[in-house]
Amino acid sequence: MRKKLVAGNWKMHGSLQQNAALLELIKAGVSSLPCEVAVCPPYPYLGQVQSILSGSALAWGAQSVSEHQSGAFTGEVAASMLLEFGCRYVLVGHSERRALYGETDTVVSAKFEAVQRAGLVPVLCVGETLAERESGMTSVVVARQLSAVLGRVGVAAMASAVVAYEPVWAIGTGVTASPAQAQEVHAAIRAKVAELDLGVANGLRILYGGSVKPQNAMELFGQDDIDGGLIGGAALVADDFLAICRAAN
C-alpha cells in the first residue's frame with residue numbers, strides 16, 4: 001500500500017510573518033492525518049521552516065537544486081546544503097524550471113542524481129503542454145522525460161524517488177485534468193517503470209499537480225494510480241491545503 005503524499009509548492013511566495021502563521025496552522029491540522037505532508041518554500045525561508053517544523057509530522061523540501069556539488073556557480077544551491085536545513089524532498093524538472101530557465105531533460109536527470117547522491121528524495125516533475133496534448137503527444141513527451149532519468153540513474157533509483165505528473169496546461173490556470181485523464185497518464189508512467197522493474201513500479205508514488213482544489217481533490221486522489229498531489233496556489237491557504245490533505249485519506 002503506497003502512503004499518500006501531499007506536497008505544497010510555495011513557488012516565489014511568502015514572508016517571514018506569513019510563513020509563520022501558515023506553518024502553525026498546517027502543523028496543527030495535519031498532526032492526526034495518516035498521509036505524509038510536505039512544504040517546499042523558497043530557499044531563504046528553509047531555516048525558518050526547519051525551526052518551526054522540527055519535531056512535527058510535517059516534512060519540507062526545496063523547489064530546485066544545482067546539479068553540481070560545489071564550485072563557482074553563482075546563485076546556485078547544492079543538495080548537500082539543503083540537507084543541512086533538514087530537507088527531505090527536492091523538486092526537479094518542474095515545468096516552470098523547464099520553460100522559464102531552459103532546463104533540459106539532461107539537466108533534470110543530472111539534478112535528480114545529485115539529489116539522491118546527497119541522501120534526499122527527488123520529486124521528478126513530468127508533463128505536457130497544451131499544444132502537445134492537442135497533438136496527441138502526451139504519452140511520448142512524458143515517456144521521454146521519464147526515460148532521460150531512467151537512462152542516467154537506472155530503475156532501482158526510482159525506489160527512493162517520487163514522480164509528479166503536472167500537465168502544464170493545468171498549472172495555475174484553474175483548468176484541471178479530469179480524474180480519468182490524470183489516471184490514464186499516471187497508469188502509463190507506472191507501466192513505463194514496470195517494464196524495467198514491477199516491484200519498483202508498484203511502490204512508486206506518483207503525484208498529480210495542476211489546479212488541485214478542495215473541491216476536486218477527493219475524486220483525483222481516489223484514482224488507482226494517483227498517490228497524492230503537488231499543490232501550488234492552494235498550498236498558500238491553510239484551510240484549502242488542509243482540506244486537500246484530508247481528501248488524501
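Including glycine, each Cβ sits where the backbone N, Cα and C put it.
In this view, H94 (active site, electrophile) is surrounded by 28 other Cβ atoms within 10 Å of its Cβ, with every protein chain counted. Look at H94 (active site, electrophile): DSSP puts it in coil. Residues annotated as active site, electrophile in Swiss-Prot: H94.
Per Swiss-Prot, the feature active site, proton acceptor maps to E166. Non-local contacts of E166 (active site, proton acceptor) by the CB criterion (under 8 A, 6+ apart in sequence, same chain) comprise H94, S95, C125, V126, G127, Y208, G209, G210, L230.
What Swiss-Prot records for N9, W10, K11, G172, S211, G232, G233 is substrate binding site. For G232 (substrate binding site), the same-chain residues that are 6 or more apart in sequence and have a Cβ closer than 8 Å to its Cβ are N9, K11, I171, G172, G209, S211, V212.
Most other Cβ atoms within 10 A: among the binding-site residues G172, G233, that distinction falls to G233.
Annotation note: E166 (active site, proton acceptor) sits in a coil segment as assigned by DSSP. Least crowded of the binding-site residues (N9, S211), judged by neighbouring Cβ atoms within 10 Å of its own Cβ: S211. Each of the binding-site residues W10, K11 was assessed for Cβ neighbours inside 10 Å, and the highest tally belongs to W10. Between the farthest pair of Cα atoms in the substrate binding residues (N9, W10, K11, G172, S211, G232, G233), the distance is 14 Å.
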